[in-house]
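Everything below concerns the one structure shown next.
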């Protein structure tokens, strides 16, 4: 819960709209399957590396439970146990594939070729053009060694324009002569040409192949293929010809004639939709055809006015056919993907229509026609992204409202518990009884968790999980729409997102999952408890999450505590024991392997073996289990590592562990699954609250008791807290064991009482201590149903809500606000602040400056007009002023040298303002070596200001000043090595100025990438715009990931300068979906650059090489 998510991206969750969260999630929902159907598809139109990077899952904490369709599937595939995803969307959103299932055996029969001889470029270059084309015509493309690799041979082969033209001519001839059963080498011809265009894109020696004018030379061949009477869906050969044409268009080019010639194929497909849509090969053919055209057109139109494109207004027949496909209606599970394709590409190609309004109306019609179905989400998204969110009526469409309404459609019911701190939103087919059971299940898990962990105080308050929200869809099918609604992965049985304090899952039948809803909830609820009460900091962030330290623990103890009971401790579940029993003895994890497991383990059995470790420690080595939890609770990485190493290296412990696994496996047949008792659901009848509290306190020997009552939708509950003082301490671990048994005995004793409400009691103990007279002492907590409603006050307590930063600097004013606090049945009459350093304040809003670095708890107490109070606290970390990280904007106060902001480094722009009474800003910078320094300060507003530069140690004599030149205050001066200050001030208080400060000539070292950064979760952070990053791709290092954040919408220019001769490029991806490529680098000599308009959010920049090795410099400019 964790350090306010470091403002990395989870901050944006509370601020961004739903449409920002789910941006581009559904736009290509059906394409992923087709992009990888054929090996040759891996080279896309303009070659962009496939970035199906699972490491993007490490941006936000999503706690995922196993999704187990059946035991064999889970046993055989890790996809049934989905790893945590830290993205927010962290979350990676998996693409939703159409129902058409891909199988290699469904590839065209023409692919088979008994001639498996291989050919290299040295041989091919020795053939005449006629010999070459005859050979190509009769072999498969993958018989040519290194076809897509740049080499001396491929350079010579494709460097011969006449040879390439001969291949194009041969393709044209095959296009005229192919039959329904003989493609005349069309697939191989197109793949050879695609290889040439691929290599031409990245290599200057073949740059002519990247010229659209040359690529247009393929158009006659394309038209010849289309004019052939066999150009239609039919035999495997005919389908493959259409597929090859689509791929070639994507790598080469097309025009309006080529596009409109595709209409008969689309029409044939639509008119036979029920027959053709389930056919993988025909679906591939149509998809490749449409996709290839769109890829070519979008590349040609990039950053250009679409109205200037030669096909603008000339492809209406094609657009109309896409419209007919998209609005086909009467869809089935087998045909839905096709209409999805139609709507998506209708939007894309509609940009070239002269009737924009008709396109938008069609998209709006799709929203209504496929109400809250996948296609409706795609249509709404395309209006938002392709048409700037403007509807056919000229007004802004409310995408957020659409998503909210969709969520209400799928989750129409809301249930509240514990004064609104436990909320369940559910589908209409999820029974109320099950909802109640889930609430009581949480209490059983909570009681056993706190016993073991020894803490029930939230590590941080004021975060989203102060209110736990659970969203339960009716079925796995409806759950899939959560991708569209909330932008999270749904290829799982359920997941918990810590920064949202929300758990998502679905109701299921035994046929759909071996785990019941309650079992899965118990697992996920444990993740909530881990985050709130045990592991400090955001999941996936910090040293505890390096090197798979806690992966086994997170998942293993979640499986363990899912077996929590009311009075029998924690029991093993049959559903988990089944895996241990089925796994062969020689395949079982060792203790060392289990303790070092992670999501990269292919079989994902560490869930089950992690459970086995937790159960082993719980049953046979509780001292180690408690020490382990203490180390985590105290963020003591060193002690935790020592515990893990000791266990890993102890052969005897491993033997005991293996024996324990066998004991668990032997219990499989007789094991059960701990679920809540029917006793929780009974009508318990009235019993006076004071009697209940008294009887519990007496039975448990408690003193200093206090009680709070909680109101829920179906019943009310109470929480009773007190102090237990026992006999002489026998040591912490013996005391723990005896206390746990005593508490279970108390619960069982109370359950024998005539009032059945005692059967709803759960209890735990925390805060172990020993008194001065050596007596053991615990804080004990009981929770149960409350039938005396008189104990529930009619006055609703106010709700305190604090807003403020999670970090600050010593001496800097920090603003805190309680404006979001509220009182539902009255008004708040006072706000009392405690800043944790001895200072206090009163008022709705407050400003405070800390004098020392440290971590402080800021607490706001609000009091309503009836005297009820509420408090909220959060942690703020105060640091000494950072003198190493470059700044990009001023921070007040900075009126004099003592308060100067900095450092300023070369290449990083610093923005500031002088408004109203703020008449001066001061910054510092360091000069690395003697020489000329230039300061440029472009501005807007009044020119009635200037700047002065002072050398450190002499604040009386300035050494330079700025002069006005073209709306910029500029100056160049000779400087010596050392620290300097620039003092910017205005001449009168009436002037308002906004400025940008740039300094050149400092000799600052450029920032360097931090290896290993070959996956997105290890991305090197680009701290500021306009910063030069030095990187290298040498030897086996083939990729580097970078990340940066955009605070305000605007254009970003990404530039990569090659320092060596090698093949390198980059692609840009949004944090919300790594598979969504926003743009890519355009090669121009040694520079690979592009400009793109970006919205606020986090982005990942992937730099990768495709030939050779070398160094580069990278800048993200704004």
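Just so it is clear, glycine is given a Cβ too, placed from its N, Cα and C backbone atoms.
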| request: Examine the ranges 102-106, 1102-1106 and name the one recorded by Swiss-Prot as region 'Collagen-binding'. | output: 1102-1106
| Same-site Ca(2+) 1 binder from 498, 507, 555, 559, given that Swiss-Prot records 531, 535, 537 | 498
| note | Contact set of the region 'Collagen-binding' (1102-1106) with the rest of its chain, CB cutoff 8 A exclusive, min separation 6+ beyond the ends, reads 47, 49, 51, 53, 150, 202, 1016, 1031, 1033, 1038-1042, 1056, 1062-1069, 1112, 1114
| Can you name the recorded positions among 537, 921, 1018, 1037 whose CA is within 10 A of the CA of residue 894 (Ca(2+) 4 binding site)? | 921
| said: Over the span of the region 'S3b collagen-binding domain' (1008-1118), how high is the average pLDDT in this prediction? | reply: 88
| said: Per DSSP, what is the helix/strand/coil residue tally across the region 'Collagen-binding' (1102-1106)? | reply: 0 helix, 5 strand, 0 coil
| field | Chain-internal residues near residue 913 (Ca(2+) 4 binding site), provided their CB is under 8 angstroms and they sit 6+ positions away | value | 890, 992, 993, 994, 995
| task | Based on Cα distances to residue 825 (Ca(2+) 2 binding site), point out the closest of the binding-site residues 498, 531, 555, 921, 1014. | result | 498
| request: Around the Cβ of residue 825 (Ca(2+) 2 binding site), how many other Cβ atoms lie within 10 Å? Please give the count over every shown protein chain. | output: 13
| task | Could you check which of the binding-site residues (892, 918, 920) sits closest to residue 527 (Zn(2+) binding site), going Cα to Cα? | result | 892
| note | By a 10 Å Cβ neighbour count, the lowest-scoring of the binding-site residues 894, 1013, 1032 is 1032
| said: Using only C-alpha positions, which one of 531, 918, 1032 is spatially nearest residue 1039 (Ca(2+) 6 binding site)? These are the binding-site residues in the record. | reply: 1032
| said: Just to be sure I understand the packing, how many Cβ atoms besides its own are within 10 Å of the Cβ of residue 537 (Ca(2+) 1 binding site)? | reply: 19
| request: In whole Å, note down how far the CA of residue 535 (Ca(2+) 1 binding site) lies from the CA of residue 1009 (Ca(2+) 5 binding site). | output: 30
